Amino acid sequence: MPNASSWSASSPLLLLWEESSGTRIFLSLLYAVLAISGTLSNVMVIYLVFSFKKLQTTSNAFIVNGCAADLSVCALWMPQEAVLGLLPPNSSSLRSAEYRLLRGGILSLGLTVSLASHLLVAFNRYVLITKLPSVYQALYQRRHTGCMIGLSWALALLLVPLLPGLWIPGSAQQSALRQPDGSSRYTALLLALAVLGQTVLLLHCYLGIVRRVRGSAKRVSVLNFHLLHQLPFPAAPPPPRRAQRRLSSVSVLLLCCVYLLGTQPLVWVSLLSFFLRPAPPALQAASWLLLCSLSALNPLLYTWRSEEFRRAARSVLPRAEGAATAPRPATA
């Protein structure tokens, strides 16, 4: 079995240390599937929001911001991992420090903005559901929304040069194997605490929404947070109030569960590497893979319950358009 130093020096960012061709081919195919599906879903959400005025709301602006960040991971970073997984372990492309730094920068930028967008969406929905409409409208003016989005990218650009190893899997954890007391261990700890703190704030917002919706008489769909006066068409008749609240709570809890499944394994693997001993390379790779897979799932998480997104998607899909224009058969 190869030692940790050889794995750190020769493998791509998220590929397992094993030199088995079958394992590398499987991971390359997995990255290819995530890259294709994530690119298509993120591009579709961005296109729908920019093409349909009814979707151009404050909440969707944060969703588009996250889709743009996820697109950098799915369209720029994952295809490289898929190709590199097919190269021999001793390939010169894998050993190039500049190229590894470039891939780490792309991943750092995309994941940092994506996680920040998750928090911005959650806080936006929390204010809309739990606060007065006047508070929401004063806080989320156009220029304020633009500043929040710009701040998420500025923070990511600041972290890329200051902490180059923060988002590079294998750099912090694997170098910790060779230098147990080095700064890389503190980089892994900082990564874990940052994601954990962001998760606590996100859960606070969504659980506050669930409590408000379940105890409120308002018929609000938690995953459709647009102000009613912003809709240019009458809303569909809502389901019974109790069923509406139950469905909304389940939707929010499902979103939280998927988010926790994608982020928390990396948190606890990093904490394990700091306080006890480095986790097995396979576990580290799996935790990073789960985190990066969120970039392909995020567009579905935020739009699958939105009737406005479904209507817009049906209007642009060729099959839906053909079905809508097809003549109906005559009836006796």
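Cβ atoms are placed via backbone N, Cα and C, with glycine included.
Look at TrEMBL and you will find 25-50 (among others) tagged as transmembrane segment. Long-range contacts of the transmembrane segment (25-50) within its own chain (CB-CB distance under 8 A, at least 6 residues past either end) are made by residues 14-16, 56, 60-61, 63-64, 67-68, 70-71, 73-75, 78-79, 81-83, 85-86, 289, 292-293, 295-300, 302-303, 309, 312-313, 316.
The domain 'G-protein coupled receptors family 1 profile' annotation in TrEMBL covers 41-302.
Marked as transmembrane segment by TrEMBL: 62-80 (among others).
Summarising the annotation, TrEMBL assigns transmembrane segment to 100-123 (among others).
Positions annotated as transmembrane segment by TrEMBL: 144-168 (among others).
Residues or ranges marked as transmembrane segment by TrEMBL: 188-209 (among others).
The transmembrane segment feature in TrEMBL is assigned to 250-276 (among others).
Residues or ranges marked as transmembrane segment in TrEMBL: 282-304 (among others).
In terms of C-beta pairs under 8 Å, the stretch of 62-80, 188-209, 250-276, 282-304 lying closest in packing to the transmembrane segment (100-123) is 62-80.
For the transmembrane segment (62-80), the most Cβ-contacting stretch among 188-209, 250-276, 282-304 is 282-304 (pairs under 8 Å). Note on the domain 'G-protein coupled receptors family 1 profile' (41-302): mean pLDDT across this stretch is 77.
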